[in-house]
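Under the heading transmembrane segment, TrEMBL lists 7-26, 46-73, 85-103, 115-137, 173-191, 227-248. Annotation comment: TrEMBL describes 47-244 as domain 'ABC transmembrane type-1'.
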Amino acid sequence: MKLTKIALLPLSILLIFMGILLIYGFEGVSPGDLVGLLGDKEFLSAVVFGLETSLFSVLLSAVFGIPAGFYLARNNSSFSRFADILFDIPLVIPPLVVGALLLNLFNCPFVERFYSFVFTFWGAAIAQFFISFPFTVKSSKTAFELISPVYERIAMTLGASPMKSFFDTTFRLSFYGIFSGLILSWLRSLGEFGATLLVGGGIAYKTENIPINIYLKITEGNFRSGFAASLLVVVLAIVCVFLVKMVFSKKRIGI
């Protein structure tokens, strides 16, 4: 109990800091500024582009990240440990570095012979994928590790095929952990700036997403519009996190 009271102090300081940041960070943003964004064609184009690329990115994360997380959870070989370390790299290096590596890769003659990814939708989406997929891998790995393989064996003894036993037991029980990883990957892709800017170029009405649009507004001196767009992003993030937390709390109550 005493340690809990001591821990309450840094918790309170962090909460106060976050409250001050959220309240005073957007001081001066009026409802008119928010409404004005609805008539900002460049901002709306950035929203559509950001949603399209982030959804494609999270689709790739689901296709590759969930199986990768399952393999890492069920194997403890040197190869799996190496892969686990490698997947941490996009989380710890600056996104601009990832963008620079992808830019160099996409500019090599062999890749350009098939398709020119630089300054395109697909290039920006792939850049977002490389930044965000580790969240899906890590969350899936943790979720699968919490489920014992014995449930699959029991299902198979009752006549279920290996695939059916996996989806009826392991995947079903770990779904909420996997889903949270996909949400994190989606939000990370939606808010990705550095790699998207380098690979996509941040071209207005073509490869400009929400963070790039906010950056351009502020650098051009359009602070009120930039802060208003930032406020919308913060509200979106809060709503998404709240929904995920609510789903998880209901799941725990049901269990």
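Backbone N, Cα and C define each Cβ position, glycine as well.
Sequence-remote contacts of a segment are chain residues at least 6 beyond its ends whose Cβ falls under 8 Å from one of its Cβ atoms, and for the transmembrane segment (85-103) they are 68, 117-118, 123, 126-127, 130-131, 133-134, 137-138, 192-199. For the transmembrane segment (115-137), the partner stretch with the most Cβ pairs below 8 Å, chosen from 7-26, 46-73, 173-191, 227-248, is 46-73.
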